[in-house]
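For reference, the structure discussed in these notes is given below.
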Amino acid sequence: MKLKKTLTYRNHTYSFLSDNTHEVLENPEETLFVKTPLNEKYAPLIAEKNLAILDFNELKNYFDFKIKIVGITGTNGKTTTASLMYSLLLDLNKKTALLGTRGFFINDERIKEKGLTTPTLLELYSDLEEAVRLKCEYFIMEVSSHAVVQKRTAGLDFALKILTNITSDHLDFHQNIENYRDTKNSFFKDEGLKVINRDETNALFNPINAHTYALDKKAHLNVQAFSLTPSISASLCYQQDLRDPNLKEITLMHSPLLGRYNLYNILAGVLGVKLLTQLPLEAIAPLLENFYGVKGRLEIVHSKPLVVVDFAHTTDGMQQVFESFKNQKITALFGAGGDRDKTKRPKMGAIASYYAHQIVLTSDNPRSENEEDIIKDILKGISDSSKVIVEKDRKKAILNALENLKDDEVLLILGKGDENIQIFKDKTIFFSDQEVVKDYYLNLKQG
């Protein structure tokens, strides 16, 4: 990444910053090398040319971001919570930027397509500069566990940090659940303003300036009563001082979102916006009706019979989706990503076996792995193989499931969400779960 930035470092004025050695060596007079945890092994190539090296920890000294940065992390719910806050703030006429899995947006305009959940440090700084240039007041961003380990947010002063939940994911990178949990929790060690899911038993955080939300435990933002049918309605109760029960704000809310886990996302987003803006609940809650969710997150693609696409690719994420439809006959269609945590595969099979009356196992993004081997790993967790259909071709699997789906059943297509590609060992193809479903029903309608 090459970032246009005029700065003086060690008595030399540069016009660009780059974390790429090739870009620096092509134009060393104008380009200063920025060393990060991701590229430090290449730093000797710069040093042997007697060129200057700027450590990533020093980068913040050359930027002045006059913007309130909000960092959201957690195993599940980051994208929905971030998008919800973005929607609420825009509806409150606040100029806002959103950066995450879905891309980079400023004031309801897409600036960049999808990329990493959290981009590299220089790209992040570039995005922040653009948001500041366009006079944004808020910058809402998803923060992945990889980004925390690789210090991709180094030097940023967060106005607010939010924790959604901590379950098991990315163990191919973190080795074990303890490392993963510690990484997530390390984001909340400082004394800055933070919003924490009080029901999350794995959460460890600095209590100074911590504000909590919960469904089951006492918290700053609670739900007095709620309904999940047909969509979410609730009575919200905010208590700024938990020691003083007389200081409460209570208001009703309605949301078109589905599922208990989306109620958690709503609580996180509402509490975050309230802390940032200092507005009363009654000014924020009505705006929830304007947010219809995120593409590929509990997305209803067809209504009768019900077909839902969701990004769920962990045991916990799948369980939360299943719980949203536990009173219906479920057909679950999913696979597992190749070159990723293999330990979760049988657990995914087990949780699907518990909730679904039929399971369709197929490919996800197999990458360099053999598709049949991935499916075999999932099958290890399924005790009743009679309810399983295996079709490694994802398009065929979806079409077969749709053909056999009855009006009173629900088909849950899990794992890829709003992705529009499928990654194999030797090729990457265009693929969209939603498009396959829509094309099927369009062809059915046309006869």
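Quick reminder: no glycine exception, Cβ is built from N, Cα and C everywhere.
Over in TrEMBL, the protein carries these features:
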DOMAIN    72-270  domain 'Mur ligase central'
BINDING   Gly74, Thr75, Asn76, Gly77, Lys78, Thr79, Thr80  ATP binding site
DOMAIN    296-417  domain 'Mur ligase C-terminal'
BINDING   Arg340, Asp364, Asn365, Pro366, Arg367, Gly415, Glu419  meso-2,6-diaminopimelate binding site
MOTIF     364-367  motif 'Meso-diaminopimelate recognition motif'
Open item on the list: Can you tell me which parts of the same chain pack against the motif 'Meso-diaminopimelate recognition motif' (364-367), counting only residues 6+ beyond its ends and a CB-CB cutoff under 8 A?
Closed with: 313, 334-340, 374, 394, 415-416, 419, 422-425
Task: Neighbouring C-beta atoms (10 Å sphere around the C-beta of Gly77 (ATP binding site)) - done: 26
Open item on the list: Rounded to a whole angstrom, what is the C-alpha distance between Arg340 (meso-2,6-diaminopimelate binding site) and Asn76 (ATP binding site)?
Closed with: 17
Task: Distance check against Pro366 (meso-2,6-diaminopimelate binding site) for the binding-site residues Thr75, Asn76, Lys78, Thr79, keeping those with Cα within 10 Å - done: none
Task: Of Gly74, Pro366, Gly415 (the binding-site residues), the residue whose Cβ has the fewest other Cβ atoms within 10 Å - done: Pro366
TODO: For the recorded ATP site, enumerate neighbouring residues of the same chain (Cβ within 8 Å of the Cβ centroid of Gly74, Thr75, Asn76, Gly77, Lys78, Thr79, Thr80, site residues themselves excluded), in sequence order.
DONE: Ile72, Thr81, Glu142, Thr164, Asn165, Asn265
- [ ] Find the average pLDDT over the motif 'Meso-diaminopimelate recognition motif' (364-367) in the predicted model and report it.
- [x] 98
Task: Counts of helix, strand and coil residues, the domain 'Mur ligase C-terminal' (296-417), according to DSSP - done: 44 helix, 28 strand, 50 coil
Open item on the list: Between the Cα atoms of Gly74 (ATP binding site) and Asp364 (meso-2,6-diaminopimelate binding site), what distance do you get, rounded to the nearest Å?
Closed with: 22
